[in-house]
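Quick look at what TrEMBL annotates:
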type	residues	note
DOMAIN	52-279	domain 'Radical SAM core'
BINDING	Cys66, Cys70, Cys73	[4Fe-4S] cluster binding site
BINDING	Glu178	S-adenosyl-L-methionine binding site
Amino acid sequence: MDAGRKRELEEKVYSGERLTREDGVALYESDDLTWLGRLAHHVRTEKNGDRVMFNVNRHLNLTNVCSASCAYCSFQRKPGEKDAYTMRIHEAVAKAKEMEDEQLTELHIVNGLHPTLPWRYYPKVLRELKAALPNVSLKCFTATEIQWFEKISGLPASDILDELIDAGLASLTGGGAEIFDWEVRQHIVDHATHWEDWSRIHRLAHEKGLKTPATMLYGHIEEPKHRVDHVLRLRELQDETGGFVVFIPLRYQHDFVDSADGKVRNKLQARTTMASPAESLKTFAVSRLLFDNVPHVKCFWVMHGLSVAQLSLNFGVDDLDGSVVEYKITHDADSYGTPNTMHREDLLTLIGDAGFVPVERNTRYEVVREYPAPVPLAERRKEPQQVIA
Ligand code: SF4
């Protein structure tokens, strides 16, 4: 990028002027990672100061049986496969109760599109989870699952959301978004939920008072222009509803060999690799710069590793997804040395070590607890340092 174009983009960012599609593509074409980081860090600091939010949550997948076969997915199993499972309601409650340590504030629940489970199962499981864990917020279901519930129940999404909210639903999850561009999408997605339905369902959720996350799966066969298009669609919807609370770029995971049976289920494996750490940091930075009306940008550390997670805090990110346990969607088969679990103390260390102030939040991004600013690095150097993978 020539110096004049760089200056033009800097002026836009520092004056708060909205960036265009062409600006987004130009930012992705820049190899100047520190420059991108500086711009994104300016925006991130304007919005969120030197705070980094995190939550204490657990992930629960009620079933891995799925009617779809999305090309990138290593999680789904077909009925009758050896390790296909579906939890009975009492099993789901017992599993959630097992996880109820460390003042858990959120359960994150996503599932396969089970071909025979009845719609009634889902509100029932929410009611029983809420009764067992009244202080825990239930963040459940992708827009894809909500559209699946429409299909199996014959009810419209509005009635489905009303019933789920009555049963304890606090938020949808942001999944099912992948990449909205149809040319790319038809190669990676096998379910029926595309932009029109994904946006319809999140719009409805926002109208009912829910705040929801939005995600983007990147680093597979898409090009940067598709990432720009994805974010601009979300930005436009956010102008309309204001209901997105966070944007989460999710790194496509390559090299999935299922540890249980040695199978490679990921059908994109032969066609692509995955985003490098530099590409991930660029994606965080450009996302922060383009998606100017979303309050937070999150790094889901499970998919990026702890080193990139720490660095991302200087590339527009101000939120780290919590103390995940059993994240099956990627941890079924990855071998990147990323842990399954981060406890509250681990997250405090990770954030403080990067020079930021940790703030524990709940599902709606309300502050649960503020922590002191970190001890300056120069003082910490007097003590042996904790080693982080
Ligand atoms: S991504 Fe979701 S809908 Fe697609 S195959 Fe996997 S579990 Fe099923």
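Cβ from N, Cα, C; glycine included.
Location within the structure of each feature annotated in TrEMBL.
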{"residue": "Cys66", "record": "[4Fe-4S] cluster binding site", "DSSP (3 states)": "coil"}
{"residue": "Cys73", "record": "[4Fe-4S] cluster binding site", "DSSP (3 states)": "coil"}
{"residue": "Glu178", "record": "S-adenosyl-L-methionine binding site", "DSSP (3 states)": "coil"}
Limited to the domain 'Radical SAM core' (52-279), I'd like the whole-number average of pLDDT.
93
For the recorded [4Fe-4S] cluster site formed by Cys66, Cys70, Cys73, which further same-chain residues have Cβ atoms within 8 Å of the site's Cβ center?
Ala68, Ser69, Tyr72, Phe75, Gln76, Gly112, Asp190, His191
As a test of the contact definition, list every same-chain residue at least 6 positions from Cys66 ([4Fe-4S] cluster binding site) whose Cβ is closer than 8 Å to its Cβ.
Cys73, Phe75, Gln76, Arg77, Lys78, Gly112, Leu113, His114
Taking only the binding-site residues Cys66, Cys70, Cys73, Glu178, which have a CB closer than 6 angstroms to any atom that belongs to ligand 1?
Cys66, Cys70, Cys73
If I take the alpha carbons of Cys70 ([4Fe-4S] cluster binding site) and Glu178 (S-adenosyl-L-methionine binding site), what is the distance between them in whole Å?
10
Test of understanding: give the count of other CB atoms lying within 10 angstroms of the CB of Cys73 ([4Fe-4S] cluster binding site).
22
Counting across all protein chains present, how many other Cβ atoms fall within 10 Å of the Cβ of Cys70 ([4Fe-4S] cluster binding site)?
20
Within 10 Å of the Cβ of Glu178 (S-adenosyl-L-methionine binding site), how many other Cβ atoms are there?
27
